[in-house]
């Protein structure tokens, strides 16, 4: 089986990734705006008797080596191994796309590689009334051309067959003779221009070598004066003229595109209404995500996670193993998975905005605003990606040519709330705020994060990254209705990543947190509360046993309550009534009427119950008292564990923010993965959750949070989560993209300080409003 390596080259937003998905069944991310592909991606598949390895390079307008995309593409085309260049063109914007094609033909003289042209989006061109003469285009370019549609999967087999046929042809061994043949058989004027471009480029290269002092002085001119290279101007002008001539000659009639685009742009890009429309659109996305997703989440937690955790602890007779499965795995992982419906709904809304072309227009609309805060217009794409995941967002900063713009963007991407933070927001919003306000509050959280990020960018611009951002040029895509295939793969792909993380990182983390919270166990605490519960049982009816309410340390009643007439002072069991203050215990339990006075003598030979035969606890009172004691024991055992010790060490640091020790621990585990915050809280509060006198009541994290945390602390926690350092994977990506390890340390200090400051301010403002 022969192997063919194909490299895809094309301008931004021509459908390269969607073409790969269509011909290979891959699930690469696609979007209706520039910058979706930020590094080369590969996919291998089989077609007939060939194994085809296809490489998708970042979209680039040219091969001048000015932008990062241009450098990556040119470097790959010149120095990496491949067999065929597949140049993907947008049939609806042929003239502009042909500029890159002409540069590839120039590069072909150095690489001796074969080029095949895929004229994509031919269906949209026909819908616009545009007819293209494919044969004439192929003749003009001297290249094989195939018209395809990646969306409708039109002519894909013909495309692959054509590439294979080109691959099997004789290598381009004699470029001079081929050029002569092209001059005779094709348009002499076009070939003359190609040769003129080559000669101009050669002369300019010589001038660069002989005029280094002049070029050095030129490079020291102000940024606005030197940003464009003379070589690029000349070559691009020649290519642009040639591309216009070719496009004009092969297009049989003009397109009538633009009618609906202009009408929509007049509204969506209106000077005054564009921002309110954008904010309203985002509000709708969050409101629908919460309302629809919350219903499915509650159903999942109430009908699946809660009963499953209770059932697992019931059927597993080993108490430790039952706690691991029920509290650690099911409650830990299930709490995170329960948020999948909300996150999938949010992904759906964002996919529709991206695929429609509206997201690119938002970038255009906000460019002026970003400029005032010191950000480059290209920063918009990484910032938008930051709402999904910070890792690709950091990688997307490669499109920024200026190191100052790149670093500034890197430092504020983390303030964009990624999808991993969303479960935390949803948990606290649903726990502390009314459902009817939940969508508004979620929207405010995301907008607040953006506003804080912009303000911090302005501060960094003034104090650290001084200078002005460079002008921004971005391709404005046409409006499109995303196909069901694109929507499905986008939403499912992101949701699958979320589930895969839940089944790997979060599962391991949940077990790890459970272990920290379960070990070590204190025998003295267990014995102390066993004695207290035995004493309470002795005041109740004989048929009320600790096993009736599933006491942590189950003991036989006769064994746990020894005979008080036993005289052996060496037997420790005789001292069970003397190991704690009985009167204080009864007072704490609200059983003051059973308190003993100092004159009561315990010298009778009858049992404990006979001594208080006139004051026997009722069944309800006994169960209530035992439940209180069991809850106290679980709480003290949890605080005695490794997690409790760590939390209490950190608690003083976060006490001004209203955090208890559990919240403090969750911030540490959240660095591994932000979803671990919810998992940690689920495990810690499940292990310390109150026992209830009902088999139908399941562990509800929202209710438990309300019992342990005040509203000011909840507000502070949301703000801290919004702003503190991203997860480990994102931080590692930041370290790589920033270029210096010291920047990672700065990021840690910067984000932690900002998070603490705003969390404290939020805590105090909430306290003031509530008059606490």
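Glycine is no exception: its Cβ is also placed from the backbone N, Cα and C atoms.
Here is what TrEMBL records for this protein:
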{"type": "BINDING", "residues": "10, 11, 12, 13, 14, 15, 16, 17, 120, 121, 122, 123", "note": "GTP 1 binding site"}
{"type": "BINDING", "residues": "21, 24, 25", "note": "Mg(2+) 2 binding site"}
{"type": "BINDING", "residues": "22", "note": "Mg(2+) 1 binding site"}
{"type": "BINDING", "residues": "35, 36, 37, 38, 39", "note": "GTP 2 binding site"}
{"type": "BINDING", "residues": "56, 57, 58, 59", "note": "GTP 3 binding site"}
{"type": "DOMAIN", "residues": "3-169", "note": "domain 'FeoB-type G'"}
{"type": "TRANSMEM", "residues": "267-286", "note": "transmembrane segment"}
{"type": "TRANSMEM", "residues": "329-351", "note": "transmembrane segment"}
{"type": "TRANSMEM", "residues": "380-396", "note": "transmembrane segment"}
{"type": "TRANSMEM", "residues": "408-434", "note": "transmembrane segment"}
{"type": "TRANSMEM", "residues": "440-460", "note": "transmembrane segment"}
{"type": "TRANSMEM", "residues": "505-526", "note": "transmembrane segment"}
{"type": "TRANSMEM", "residues": "709-736", "note": "transmembrane segment"}
{"type": "TRANSMEM", "residues": "742-762", "note": "transmembrane segment"}
Within-chain partners of the transmembrane segment (329-351) [C-beta distance under 8 Å, separation at least 6 from its ends]: 284-286, 288-290, 292-294, 296-297, 300-301, 304-305, 308-309, 312, 387-388, 419, 422-423, 426-427, 482, 486-487, 490-491, 494-495, 498-499, 502-503, 506-507, 509-511, 513-514, 675, 678-683, 686, 699, 701
Range from 380-396, 440-460, 709-736 with most C-beta pairs under 8 A to the transmembrane segment (267-286): 440-460
Neighbour tally for residue 21 (Mg(2+) 2 binding site), based on other Cβ positions within 10 Å of its Cβ: 22
Where residue 24 (Mg(2+) 2 binding site) sits in the secondary structure, as DSSP reduces it to three classes: helix
Remote residues contacting the transmembrane segment (440-460) - C-beta distance under 8 A, at least 6 residues beyond either end: 279, 282-283, 286-287, 289-290, 369-370, 372-375, 383, 387, 408, 411-412, 415-417, 425-426, 429, 433, 718, 722-723, 754, 758
Pairwise Cα distance for the residue listed as 'Mg(2+) 1 binding site'/residue 56 (GTP 3 binding site) [Å, integer]: 13
Per DSSP, three-state class assigned to residue 10 (GTP 1 binding site): strand
Folded-back contacts onto the transmembrane segment (408-434), same chain, C-beta under 8 angstroms, at least six residues removed: 290, 293-294, 297, 335-336, 339, 342-343, 346-347, 374-376, 379, 382-384, 386-390, 393-394, 397, 400, 441-442, 445-446, 449-450, 452-454, 456-457, 460-461, 465, 494, 498, 673-675, 677-678, 681, 701-703, 705-706, 711, 714, 717-718, 721-723, 725-727, 730, 734, 737-738, 743, 746-747, 750-751, 754
Alpha-carbon distance [residue 59 (GTP 3 binding site); residue 14 (GTP 1 binding site)] in Å: 8
Whole-number Å value for how far residue 12 (GTP 1 binding site) lies from residue 25 (Mg(2+) 2 binding site) (Cα to Cα): 21
Count of other CB atoms lying within 10 Å of the CB belonging to residue 10 (GTP 1 binding site): 29
Length of the line joining the Cα atoms of residue 59 (GTP 3 binding site) and residue 24 (Mg(2+) 2 binding site), in Å: 19
